[in-house]
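If you check TrEMBL, you get these features:
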BINDING   17, 19, 21, 30  Ca(2+) binding site
TRANSMEM  31-49  transmembrane segment
TRANSMEM  61-81  transmembrane segment
BINDING   78, 204, 208  Zn(2+) binding site
TRANSMEM  118-137  transmembrane segment
TRANSMEM  172-190  transmembrane segment
TRANSMEM  205-225  transmembrane segment
């Protein structure tokens with residue numbers, strides 16, 4: 001074990017990343033990859049409070065909670081590097097994308113009752129298959145396909161949104177996704193070279209931080225678009241002149 005520390009969790013049974021194991025604690029395998037999920041939890045909590053306070057539809061509360069669950073699952077995975085915890089990280093990633101798919105496409109779905117039923121059964125089926133078959137590269141390909149299926153709808157929302165502040169949220173979503181992907185790929189593809197550096201930039205940890213902001217920007221943008229659909233007069237306002245969130249004004253009848 002790194003630094004002479006013994007492991008509390010036993011032998012590694014999950015995929016490892018470009019961070020030395022058990023350097024700072026015998027209870028946390030990948031220290032930076034673990035704590036870097038904290039911003040995602042805090043940002044999702046802020047989004048949840050805003051969704052509840054302004055009485056947005058329950059789908060957005062569930063979305064923010066799913067972001068928190070995903071981040072907690074990631075923390076457990078990187079802290080233990082155990083296969084079961086890795087699946088506890090990967091399976092919620094797919095479930096979250098199914099939730100995004102529902103939020104993006106359900107407003108124009110003619111048979112609305114069929115969509116949540118199909119997505120629920122799909123999510124359960126994937127969880128069972130992933131547990132039994134232990135997908136590797138197949139999981140990554142499947143996840144990327146789900147992400148790509150959401151892009152056309154996100155782009156449609158973007159081009160039909162005239163508010164500059166809302167468009168800026170969408171641009172921040174794209175920017176954080178792009179930068180985060182570069183960090184993820186660099187950490188995965190060039191680990192051997194990075195390990196020889198005096199300082200490890202912790203690309204996977206940066207990916208976690210950027211994805212925390214990415215999810216927040218995506219959720220806030222979707223909340224704005226949904227409020228527009230419901231004619232709730234949404235506005236993007238900034239806390240302390242910096243932190244964006246959506247403020248709405250519902251008609252008295254609602």
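Just so it is clear, glycine is given a Cβ too, placed from its N, Cα and C backbone atoms.
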* **Same-chain residues near the transmembrane segment (61-81), Cβ under 8 Å, at least 6 residues beyond its ends** => 9, 12-14, 16-17, 21, 27-30, 33-35, 37-38, 40-41, 43-45, 47-48, 51-52, 88-89, 92-93, 95-96, 99-100, 103, 208, 212, 215-216, 219, 222
* Which one of these binding-site residues, 78, 204, 208, has the sparsest Cβ neighbourhood, judged by other Cβ atoms within 10 angstroms? -> 204
* Taking the transmembrane segment (205-225) as the reference, which of 31-49, 118-137, 172-190 gives the largest number of Cβ pairs under 8 angstroms? -> 31-49
* **Remote residues contacting the transmembrane segment (118-137) - C-beta distance under 8 A, at least 6 residues beyond either end** => 83, 87, 90-91, 94-95, 98-99, 101-102
* Within 8 Å of the centroid of the Cβ atoms of 78, 204, 208, which other residues of that chain place their own Cβ, given that this set defines the recorded Zn(2+) site? -> 17, 19, 30, 32, 33, 34, 36, 37, 74, 205, 207
* **Inter-residue C-alpha distance, residue 78 (Zn(2+) binding site) and residue 19 (Ca(2+) binding site) (nearest angstrom)** => 10
* To do: State the count of C-beta atoms found within 10 angstroms of the C-beta of residue 21 (Ca(2+) binding site), not counting that atom itself.
  => 19
* Structure fact -> Excluding 17, 19, 21, 30 themselves, the Ca(2+) site's Cβ centre has within 8 Å the residues 16, 18, 20, 29, 31, 32, 33, 78, 81, 204
* Under 8 Å Cβ to Cβ from residue 30 (Ca(2+) binding site), same chain, six or more residues apart: give me those in sequence order, or none if nothing qualifies. => 16, 17, 19, 21, 78, 79, 81, 204
